[in-house]
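Contents: one structure, followed by commentary.
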Amino acid sequence: MEKLLDRIDSPADLKKLQVSELTKLAEEIRQEMITVLSKCGGHLGPNLGVVELTLALHYVFDVPRDHFVFDVSHQAYVHKLITGRKNRFHTIRQHGGISGFMSREESEYDCYGAGHAGTALSAALGMAVARDRRGGKEHVIALCGDAAFTCGITFEALNNVASTTQRLIVILNDNEWSIDKNVGAIASYFNKIVTNPAYSYLRDRVEKVLEKWPGKNVLKVARKAEEAFKSLLWPSVIFEELGLTYHGPIDGHDIARLISTFEFLKNQEYPVLLHVITQKGRGFPPALEKQKKFHGLGPYNPITGETPSSPRKTFSEVFAETMIKLADMNRNVVAITAAMPNGTALDKFQPKFPDRYFDVGIAEEHAVIFAAGMATKGFKPYCAIYSTFLQRAYDPIIHDVCLQKLPVVFCLDRGGLSGDDGPTHHGLFDVAYLRTVPNITIMHPKDEDELADMLFTAMHHPGPVAIRYPRGSGSGVAVKERPELIPIGRAEVIKHGRDVAIFSLGIMVEMGKELAQKLEECGYSAALINPRTVKPFDRGTLEFFARSVDLIVSIEDHVLAGGFGSLILEELQALGLRIPVVRIGWPDKFIEHGKVDILRKKYGITVENALEQSLKILKHPKSDTNLEIA
C-alpha cells in the first residue's frame, strides 16, 4: 500500500491532500523520523513534537515565496522531508548529507540558517521590514520555542516589532522544554497562561456556542470573542503590551484547528503571536518518558529507545564529578549553566547542591555578568557554557570579568570539533578570541585527570580562568581521588628529543604521541610537549627547544588563524629565533558537519599529514616550502 509520504516531493504535493489525510501523513512522518534517526542520531524529540504544526504551515502558506524562520532550526526535519529532501533524509547530519539545521546553501526553502537560540524573531523582523520597504506581499513567520523566550535577543526583537512592521506572525511553540526543563519567570508565565482554568473553560464554551452559528463571519466573531474573554482574565498580557496581538493557546497537534487559525492570521494586518502547545517526543513512548535524553542523541533501538553505553566517562561527566568535590571543599564554589544542565553534566551537581546551582536559561551574556556579580562578593563561580555559545558573551567576558580581574572560571565544554551538528556547534574559535584579552588564564587538559587538576587549580587562582575541553569521552585514564595543583604557565615535557619538538594542545597530545613514534621510526628524535596553559604561555620551554631542534610542530583542535600555532610563531618572533614550524589545525573556513575522524582526514588533521609535512623539512632543510617559517 502506497504511503502518503511517498507522494510528497514538495509543498505543492502536500496541498493536494485533503485535511482529513494529514493525520495519517503525520503518523507516517513520525515513523520515518523514528526509523532513520535510530541509525544516525539527531534531534528526535523536538521534531516529533512539531509534525502537525509544520504540516499546517506548509498547507496554508506558500514557501519559498513565504518565509519560515526556525529558531535554532534543529526542529526543521519535517520541513526538510516535505521540501524535496525526503530521498536524502537518511543522510541527515552525516558527512556529505543534509544538515541537521536550516541551511541557505542546501535549499531554496531554507530562507535563514541557524543553530543557536534566539535569532529567529530578529531575522524574521528584518525580512518583514525589507518586504514592507519594497512593497512585497509575502508572509514572514518566525517559529520560536518557549526556551527562545528565555533568551534576551528575542525580547530585544519583540520590543522592536510594533514600531517597524504591521505584518509579522510569531509562533510560540510551547513544550516546556529546550534541552532541559525551562526555568525562570518567563517559563512560569507561559505555564500560568496555559493552565488558567477560567480562561480555558470560557474559551471552550464560547467555541462550542459559536460552532452552531451560521454565516461566513463566524470565525472572525469567534476570534473577537476569544480575545475579549482573554482580556478580562489577562489585562496585561506581556505580548499585547509589546504590540503583538496574542492568540491562543491552541493545541499544536490539532491539524484542522491549526489550519483554520493560520488561514485567519494570514489575512490580518497586524503583528500577531500564536501560542501553540505541543508535546515533545509525541508518538514515541521512550521519547515521551525521557524527554531530556531524546532532545538530541546518537543511534538508538527504534523499538525500546535504548542507546549503547560507553565504558569511558565523558569530559563533561568528569567536570561534574570534580565540581562536586570542589563544592565539598569550598562552600563558596557555585555552578552556573545557561540552559544546559544535561549537556554540561551539571544535572549531577544540582541535586547535591541545589542552593549553589543556577540555571539562568538561554542567556549567556547574563550568565557571565551574573557570575561576575557573585565573584565580587567572595564566591567562586564556575560558568559552564559550550565553547560555541560563549561567543555570545564576549563583551561581558572582557568588560565585566577580565577588566575587573574577577575570579570567574569559564568551563568551555565542546571545545574543538563537535562533529555531526556542524559549523554552528564546533568550538574552533575560543583560543583565538580569548587569548587577546588581558588578565585571563587559558588552560587545556590533555586528559580527564588533568581536567580535574585544572578545575582544582582554578579554584585557587585569584583571577579569570578559561578551561577548554572537548565533547565526548577521553582516553580513559583514571582520575585521582583528590585533584592536585598544576603550575600555571609551565608546560609538561612528556618526552625529550633532539630533532623535532611537538607541541600538542589538549587532547591532541595523543596525536602528538603517534607522530613522535612515527618520526622515531624514520630516524628522528622527537620531543613531545603538553603546553597545559595557552595563557600565560611557557616561553622558556619553547625557547629551550627552539634552540636545540631543527623543527617545531604545533597540533591543535582549533582554527590556525589566531590559534595555538599562531601563538608559537608570535613567541618565536619575540625571541628573535628563526626555525621552521609546521602547524596542524583547522583552515580558515567554517567546517561542515560529519564524524570527527572523517573531517580530520579531509582537512589533514592527521598523523600522516603531520609526518609528511615534517619530513619535507627534515629531509630538505634548505629547500623552499609552503610551511610556516618563524
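Cβ coordinates come from backbone N, Cα and C, glycine included.
Listed by Swiss-Prot as binding thiamine diphosphate are H74, G115, H116, A117, A147, A148, F284, E364; the candidate from N87, N175, N267, N342 that the record includes in that site is N175. Between the CA atoms of H116 (thiamine diphosphate binding site) and D146 (Mg(2+) binding site) there is a gap of 14 Å. Cα to Cα, D146 (Mg(2+) binding site) and N175 (thiamine diphosphate binding site) are separated by 7 Å. Around the Cβ of D146 (Mg(2+) binding site), the number of neighbouring Cβ atoms within 10 Å comes to 24. All chains included, 23 other C-beta atoms sit within 10 angstroms of the C-beta of N175 (thiamine diphosphate binding site).
When other Cβ atoms within 10 Å of the Cβ of H74 (thiamine diphosphate binding site) are tallied across all protein chains shown, the result is 24.
When the record's thiamine diphosphate-binding residues H74, G115, H116, A117, A147, A148, N175, F284, E364 are compared pairwise by CA position, the greatest distance found is 32 Å.
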